[in-house]
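If you look up TrEMBL, you'll see 12-31, 52-71, 83-107, 119-141, 153-172, 246-266, 278-298, 304-330, 342-364, 376-398 marked as transmembrane segment.
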């Protein structure tokens with residue numbers, strides 16, 4: 001929330017940087033995550049995962065504070081501040097990759113197959129809930145905005161996140177972790193190259209990887225431009241735009257809960273049964289983004305908050321369905337474990353998020369220059385995102401996404 005929403009808005013509107021600068025920083029932090037498959041493969045070889053989660057959160061928090069400090073120095077020493085921002089976002093990417101991949105691998109290897117979708121959905125719901133609480137609290141505490149206040153608020157968010165991580169992971173992993181027991185009984189594990197070859201030779205896994213890329217590309221293009229959009233077109237303050245981001249994430253949270261209760265995510269069914277929910281979420285997201293394109297033309301008279309909440313609801317519906325499919329397919333490998341598969345899909349997501357954020361921001365910059373109207377630039381990007389979501393819906397329609405009956409090496413020891 002701090003890196004992709006608040007700092008992005010501050011760099012563009014408060015410090016006068018081109019939107020491509022924060023977009024490039026966010027893209028770089030996703031580029032750092034290209035090694036997710038390597039981290040997941042390491043977990044599959046029998047390493048404990050809890051230390052990776054804690055260390056990843058520590059690195060993430062350090063990077064976040066460096067990035068916030070760098071933003072506060074942009075007026076007095078721009079180039080040193082930009083270097084500090086690059087270092088901060090590098091650490092953010094490394095921390096997110098290490099902690100995120102390890103959490104997903106822990107879920108996939110330590111939870112019974114019929115409960116993986118529910119476990120993943122619950123994890124994502126709690127993550128979104130945390131973002132909503134952080135965005136709402138930070139937005140309220142930031143007004144009136146000062147740099148000293150920004151540093152204090154950021155420090156509170158980072159400290160709270162790390163403290164909760166320590167509490168949540170305390171004695172979570174048994175002395176003999178399931179992954180270690182499975183690795184000891186399953187025989188020699190494949191090399192990283194062999195594991196990747198098996199994944200990309202699997203048509204189901206390959207199609208799902210493409211779906212993850214396209215849908216997350218569409219999602220990421222909105223991530224860095226919504227707050228500048230609310231400020232430039234609707235005249236919102238930093239606190240108001242941050243609270244708007246909280247409304248969107250609140251919509252995502254509600255969408256996840258409703259989809260989980262109304263569909264099959266909380267009933268342990270197969271990923272193929274989640275396909276309809278995935279399609280509906282993608283189509284709904286496309287319609288909501290088309291509404292934002294209209295909002296760019298209409299201006300302050302448009303019910304922006306309602307539109308943003310609807311976008312969040314549809315994003316949550318497609319996300320929880322995709323997560324359920326991901327967890328079901330994670331254990332479908334013949335020799336590959338859950339960690340490397342989650343790492344591959346995490347890498348696809350990272351590539352999509354990096355490209356999406358950068359393309360969205362650069363698209364707005366280009367359109368503003370070419371058309372001479374910020375509203376038209378935002379509208380064009382929103383329509384491009386809508387088209388990508390429709391393409392993702394088609395991929396979901398033609399994907400069978402049913403896991404094979406081959407048991408997972410990781411689940412062999414549970």
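Count begins at 1; order follows the chain as displayed.
Using N, Cα and C of the backbone, Cβ positions are placed for all residues, glycine too.
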(message) Below 8 Å between Cβ atoms, which of the listed ranges 12-31, 83-107, 119-141, 278-298, 304-330 makes the most pairs with the transmembrane segment (153-172)?
(response) 119-141
(request) Please indicate, using numbers and ranges, the residues of the same chain that are 6 or more beyond the transmembrane segment (304-330) and have a C-beta under 8 Å from a C-beta there. (result) 104, 107-108, 111, 113, 116-117, 119-121, 124-125, 128, 204-205, 208, 211-212, 215, 219, 222, 226, 230, 234, 244, 247-260, 263-265, 270-271, 274-275, 277-278, 280-285, 287-289, 291-292, 295, 338, 341-342, 345, 392, 401, 403, 408
(message) Which range wins on Cβ pairs under 8 Å with the transmembrane segment (119-141): 52-71, 83-107, 278-298?
(response) 83-107
(message) Do any residues, 6 or more residues outside the transmembrane segment (52-71), come within under 8 Å Cβ-to-Cβ of it, and if so which ones?
(response) 2-3, 7, 10-11, 15, 25, 39, 43, 81-85, 87-103, 106, 150-151, 154-155, 157-159, 161-162, 165-166, 169
